[in-house]
Amino acid sequence: MSSVTTPAPVYTWTADEAIKFLKEWNFSLGIILLFITVILQFGYTSRSMFVYVIKMIILWLMWPLTIILTIFNCVYALNNVYLGFSIVFTIVAIIMWIVYFVNSIRLFIRTGSWWSFNPETNNLMCIDMKGRMYVRPIIEDYHTLTVTIIRGHLYMQGIKLGTGYSLSDLPAYVTVAKVSHLLTYKRGFLDKIGDTSGFAVYVKSKVGNYRLPSTQKGSGMDTALLRNNI
């Protein structure tokens, strides 16, 4: 006696159900999107480091979420055309994520800073202040960099780095580390404002795949490779 297999019912989402779903989740989705928009809009290192870190976490999570969604589309493709596009998008997303990790690891080897895994930029400005290396991300490699000291507080490109410094502590060179090379900036102008404030302008002087000798005497290390990063 042969048995007949009953096909599984195909569930279709009606327009009324879609409208009901949007009505139920519209408020929550709006709050989430507003939160992400505010973080992406105002997340800058010169404004709030805490907000900027949250922004970096959101950007970093975009890659695995994208890969998960593209794989999901491959498994539940509507037809062969959708399947083909989903496979291509999955491969592209995975390759780009691998490239990101490779570049980040190369930059980490050069700088020793966890800022190397910043998903927004591969440019890290480095300044050696009395043997302590400060590393912070910048969007692009500018032709000039400005270092400011206001009553002992150290700022570089508007980003606060530390306290307890004077103009005499500023180095002759600062660097911007990239994945494949290092940019050296030479101090071209120094101006003192009052007793404890002033600024210095550094101009790009060299670009190449080399390392700048450390200002620490007897350390034998390179400026862009010091491990005591802040």
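Glycine is treated like the rest: Cβ placed from N, Cα and C.
As recorded in Swiss-Prot:
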- 1-24: topological domain 'Virion surface' (TOPO_DOM)
- 25-45: transmembrane segment (TRANSMEM)
- 46-55: topological domain 'Intravirion' (TOPO_DOM)
- 56-76: transmembrane segment (TRANSMEM)
- 77-84: topological domain 'Virion surface' (TOPO_DOM)
- 85-105: transmembrane segment (TRANSMEM)
- 106-228: topological domain 'Intravirion' (TOPO_DOM)
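Listed as Cβ neighbours of the topological domain 'Intravirion' (46-55) (distance under 8 Å, sequence separation of 6 or more from its ends, same chain) are residues 39-40, 120, 157-159. Taken together, the residues of the topological domain 'Intravirion' (106-228) have an average pLDDT of 81. Taken residue by residue, the topological domain 'Intravirion' (46-55) breaks down under DSSP into 7 helix, 0 strand, 3 coil.
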